[in-house]
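The annotation repeat 'PPR' is assigned in TrEMBL to 181-215, 216-250, 251-285, 286-320, 356-390, 391-425, 426-460, 496-530, 531-565, 566-600, 636-670, 810-844 (among others).
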Amino acid sequence: MNLSLRRSTPFSGHIRRRRTISTTPHVENDKNLIATLNEIVRSKRSWNIALNNSISNKLKPHHVEQIILQNLDDSRLALRFFNFLGLHKSFYHSTTSFCILIHSLVQSNLYWPATSLLQTLLQRKVNPRFVFDNLLDTYKRFNFCHTLGFDLLTQCYVQDRRVMDSLLIVRLMMEHSLVPDLTTLSTVLNGLIRIRRFDLVLQFFDKAMNSGVKPDEYIYTAVLKSLCELKDFEKAKEMMNWVERNGSKMSIILYNILIHGLCKGGRVWEAVEMKDSLGCKGLNADIVTYSSLILGLCKVNKFQLARSLVDEMLGQHLVPREAVVSSVVDGLRKEGDCVGAYRLVDMTGKVGVVPNLFVYNALLNSLCKDGKLNEAESLFDRMEDKGLCPNNITYSIMIDSFCKQGRLDAAVLLYNRMIDNEVELTIYPYNSLINGYCKAGKCSAAESIFNEMIDKGLPPTVVTYTSLIDGYCKEREVQRAFGLYHEMTGKGISPNTFTFTALISGFCRARMMVEASNLFDEMVKMNVTPNEITYNVLIEGYCKDGNTVRAFELLDEMVKKGLVPDTYTYRSLITGLCTKGQVSEAKEFVDDLQKHRHYLNEMCFSALLHGYCKEGRLKDALTTTNEMAEKGINMDLVCYSVLIYGTLKHHDVKYLLNILKEMHDRGMKPDEVIYTSMLDAYGKVGDLKKAFSCWDIMVSEGCFPNTVTYTVMINNLCKAGLVDKAEIFYKEMLARGLIPNQFIYSCFLDYLAGEGYMVEAKRLHDAMLKKYLANTVTYNIIVRGLCRLDQIQEAMDILLEMKDNGISPDCVTYSTIIYEFCRRGDLLGARGLWESMLTNGLKPDAVAYNLLIYGCCIAGEMSKAFELRDEMIRSGLKMTNATYASLIHGT
């Protein structure tokens, strides 16, 4: 390299000054020091020893500049000396030294060390214009031939996130006719894009073009990105056309940028057209093209078209990204096409792409809600194979779905697997399991889960308690449910609408309407808003209790509060009126509802039909069916079942045949419920011949008897004393895989006890006990059978056995034995049993009172008999003919 050495006056410090060559001692000393330094630098001696304090103390920045200049032929050596002084002598180098060395390194193609040196210089936070001036001055004065040092300076500013400083350097370069490298320009433009100064990108591009710069693909890319971000799509398209016209090599990258911009700007259809035109330009859409389009289509809710593009991608052996699959899957799910979403996951899973865990969980949840549990199970089972680990949300979704489907064993297995995998436990799977067990009528199992949850330190929520309360209410254990309510509120957990509704429903089922009403009032006082279900439950409760006046008051209150009554509301009111014998009023109510265009369904009309049939008004029932047809309300099997029940009750064979013919004409066949009703009706009147005929028709029509149907036939045969035939039906039932219920065994038990076969009856009852089929009713049958045989001590033993087996005797149990004591004249025994009944918390009914009054009268204890009568009246029970007969006979 022929560098001129006429630069006897190097640039040093912040001020440029010319030095006159002189032979003064000062100049001579500098020359001697520089010569000494140069000899030390080039020698193999230790610099640390050679540069003793006498030399180091004399060393100035301009000396270092001279050493660098004299070693331009070995820039590595100059860099080592430069770094040595900085590291070991704490020497503060001048900016000029940095600039000379940077140019020297660049000329030696040592770009990485030059870049490192520039980064060190920038750490001084020197004004960028000052740095440029020094770099330019050294470049010109010392005749360096490469301008790459300026490019490296620009790129260092961009790397240091000083994009505006990099832009300044490039502008200064252009002002001094220094043409930046295309890589430098691209770096600056992309830096401006990162700080979202798209306007400056366009301005700078125009200036670069005016300076004669010939852009490459990367610069076009930056400009196109900026135009798209500014939503100037027309100029973006003009630019694409201009690039094509100028013969520049077009690549898919530029089109991808424009397609992405159009999609981001909501102009998806233009993007789709552009993708379709790529083939004409000799280009093929790639993963980026499809990804932009698919995500754009998802943004405008065109999920089916997005799905077709995924199919197209896979057909071209292009594998979509996780984000793309996630967006389409989630979109299809939200659109309601869970099956399509499932199939897409299945298809993309074969090429190793699955949605993210959030979308996967959402799809599982949607599939479960849509009843597609098999598909959800399939996805869940394949998660780990696809590299996705189920989290607590995943397990909670699946456990909840199994519980709602009644598949509690599967839910528990999954729960155990969750624990084995050490997945974080939350309240949600516990709530699901508790709710599932309560819905299945297994409240004791639900309480076990509840206790386990508490042991694991998870506090119950209002949802937990509400599930338990609802479960116990449905099992008619209202007091236990009410106890849980107090336990919940005692813990500071506020009951919600569902909690109150569950409890009110429980009280209504138990015919405890005073308590239900009080709880409703408490609900309102606590500012918990009753909903339609709350009112429906109360209305139904009052209707069943015969208080239709209060029920209609609640209907009015409900409407005033802006709540909308539904068919459930209306059906309860219609049923309530019909039950009270006010069928005409029920018809008026129905007419009024239809007049005001309130929708009534088949169930509402079936209630009215039942009312007519109960009163024997079959013609009115027929008229109602015609009105239903006029209103476009089709008779369903329930309605026909009601009509058939009515005709059988009133022995109207002609009308029964008409109904069956009408059903046949409408393409409807009686189901097992209707056939069972017919069998029951024939059995009650003792017409077993017709019952057997009906059974044969049922089977021949392909309507297979269920457990209830067999129960009705077995009950009819046992009551008729045809126990042998009943056993044939029992064996047939077992052969068909149907499990006999408690009532079937009770039929045989009742027959055996009634006929005095107590050994056989006791043996059967023991078998029932082992199968958990024994209850208070079955024990009462045994007690009644023993009492008939005058085996009162054995009956008393059975009473004790009941308690030992955890089965509570009821009023009937005690009354049966009390009667035997009274019949024997053993009033003391009867009264002892009475006290035992009261001690066990049982409230005597009218029958129990009448039996003990009868016993007192026989024993001549009339004062006690009248005391019992008064007590009976105080407890709210009405005196019956039996009461009067006993008292009159006794007196």
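Each residue, glycine too, has its Cβ placed from N, Cα and C.
Just so you know, TrEMBL annotations never went through curation; they're auto-generated.
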The repeat 'PPR' (566-600) [mean pLDDT, rounded to integer]:
88
Can you tell me which parts of the same chain pack against the repeat 'PPR' (251-285), counting only residues 6+ beyond its ends and a CB-CB cutoff under 8 A?
217, 220-221, 224-225, 227-229, 231, 233, 236-237, 240, 243, 292-293, 295-297, 299-300, 302
Restricting to the same chain and to residues at least six past its boundaries, which positions have a Cβ under 8 Å from a Cβ of the repeat 'PPR' (181-215)?
148, 151, 154-155, 158, 163, 166-167, 170-171, 174, 221-223, 225-227, 229-230
Residues of the parent chain within Cβ reach of the repeat 'PPR' (426-460), under 8 Å, 6 or more residues beyond its termini:
392, 395-396, 399-400, 402-404, 406, 408, 411-412, 415, 418, 467-468, 470-472, 474-475, 477, 488, 491, 493
Chain residues in Cβ proximity to the repeat 'PPR' (391-425) (below 8 Å; excluding those fewer than six residues from its ends, i.e. six or more beyond):
357, 360-361, 364-365, 368, 373, 376-377, 380, 383, 432-433, 435-437, 439-440, 442, 456, 458
Tertiary contacts of the repeat 'PPR' (810-844), as residues 6+ beyond its ends and Cβ separation under 8 Å:
776, 779-780, 783-784, 787, 790, 792, 795-796, 799, 802, 851-852, 854-856, 858-859, 861, 872, 875
How do the residues of the repeat 'PPR' (531-565) split into helix, strand and coil according to DSSP?
26 helix, 0 strand, 9 coil
